[in-house]
Amino acid sequence: MIELKNVSKVFTTKKGNVEALKSTSLQVKKGEVFGIIGYSGAGKSTLIRCVNLLEKPTTGNIIVNSQDLTTLSAKELAKARQKIGMIFQGFNLLKTVTVYENIALPLRLAGISKVEIEKRVEKYLRIVDLFTRKDAYPSELSGGQKQRVAIARALSHEPEVLLSDEATSALDPETTDSILDLLLKINEEIGITILLITHEMNVIQRICDRVAVMEHGAVVESGTVKDIFTNPQHVTTKKFVNSAFAAKIPEDVQKELQTTGEIVTLSFIGNSSGEPALAVATKRFQVYPNILSGNITQLKHEAYGKLIIHMQGEQNEINRALSFLQEQGIIVEGGRTDHGKQVLFG
């Protein structure tokens with residue numbers, strides 16, 4: 001559906017060239033929600049703007065729906081862009097016209113008939129649950145409602161791809177969740193492919209199927225959201241994953257506890273259950289675990305939990321207990337054994 005091949009972007013400034021996007025390749029499958037996450041300056045905005053050629057890449061190919069956009073004429077590109085919708089952090093609504101006109105006007109400019117425009121405006125305003133506000137002006141809407149209008153406007157061209165450029169970053173947490181639920185609904189009911197960028201792990205875990213992590217203009221890690229959460233490799237990825245959990249254990253406390261046992265992280269997903277398995281391990285082996293911190297968060301279609309425990313007992317018994325937990329499908333990290341590297345949390 002979307003393929004970037006060795007795409008780079010260099011900006012020329014008074015101080016010289018700035019490589020905002022290094023040679024990058026990635027694929028987005030038809031019908032999936034693909035997220036790109038990174039801190040400010042990572043290059044994610046440049047990347048997503050290259051997808052529809054709002055930014056023309058310095059090198060590489062952008063292939064959408066089997067078309068290489070970098071080879072198209074201006075007229076051909078304009079036509080191809082009609083199948084690529086985009087929503088932004090700032091909504092970009094016309095303040096002097098109604099909600100209805102904000103959606104209808106771009107359709108008129110595209111040469112859509114009046115009957116078809118009326119049909120589409122009603123259809124997509126109903127999908128975003130704003131049909132009753134069709135005669136309202138943007139100034140009368142909340143931030144979340146404005147973003148819903150922007151989504152309806154993007155969908156009214158009936159694109160096959162929807163690009164989301166930090167669409168929820170200006171919204172409060174509750175409104176963000178409602179917009180994410182709407183995007184997930186659109187993806188599942190309409191089948192539209194969504195490529196989004198964000199700096200918030202909550203966005204990735206709630207609706208994405210796969211994710212790419214960016215830093216300094218390059219993709220440093222990518223995979224399914226499940227794999228990224230359960231087995232992050234790059235230091236930046238680990239920071240994002242840890243940000244989804246509230247666990248912060250002071251380093252001096254960790255060092256003190258490590259003199260009387262091991263600090264271990266237990267991660268479990270889906271049907272695996274950390275606490276019951278831990279209770280069974282306590283009965284089977286001579287170990288004495290104390291839960292220091294725990295949290296369960298929701299990925300797109302399943303729960304993911306993490307427990308940080310202090311486990312006391314003889315080393316052999318601890319090893320046997322940790323091996324048992326792994327056999328139950330629980331990911332074990334930390335400690336002084338071969339179950340994983342010692343991990344500091346904080």
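Cβ coordinates come from backbone N, Cα and C, glycine included.
These features come from Swiss-Prot:
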DOMAIN    2-241  domain 'ABC transporter'
BINDING   G38, Y39, S40, G41, A42, G43, K44, S45  ATP binding site
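Sequence features, as recorded in Swiss-Prot, placed on the structure.
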{"residue": "G38", "record": "ATP binding site", "Cβ neighbours (10 Å)": "24"}
{"residue": "Y39", "record": "ATP binding site", "Cβ neighbours (10 Å)": "14"}
{"residue": "S40", "record": "ATP binding site", "Cβ neighbours (10 Å)": "7"}
{"residue": "G41", "record": "ATP binding site", "Cβ neighbours (10 Å)": "13"}
{"residue": "A42", "record": "ATP binding site", "Cβ neighbours (10 Å)": "24"}
{"residue": "G43", "record": "ATP binding site", "Cβ neighbours (10 Å)": "24"}
{"residue": "K44", "record": "ATP binding site", "Cβ neighbours (10 Å)": "27"}
{"residue": "S45", "record": "ATP binding site", "Cβ neighbours (10 Å)": "20"}
Model confidence for the domain 'ABC transporter' (2-241), as mean pLDDT, reads 94
Not counting G38, Y39, S40, G41, A42, G43, K44, S45, residues with a CB within 8 A of the CB centroid of the ATP site are H199, M214, E215
G41 (ATP binding site) falls, by DSSP collapsed to helix, strand or coil, into coil
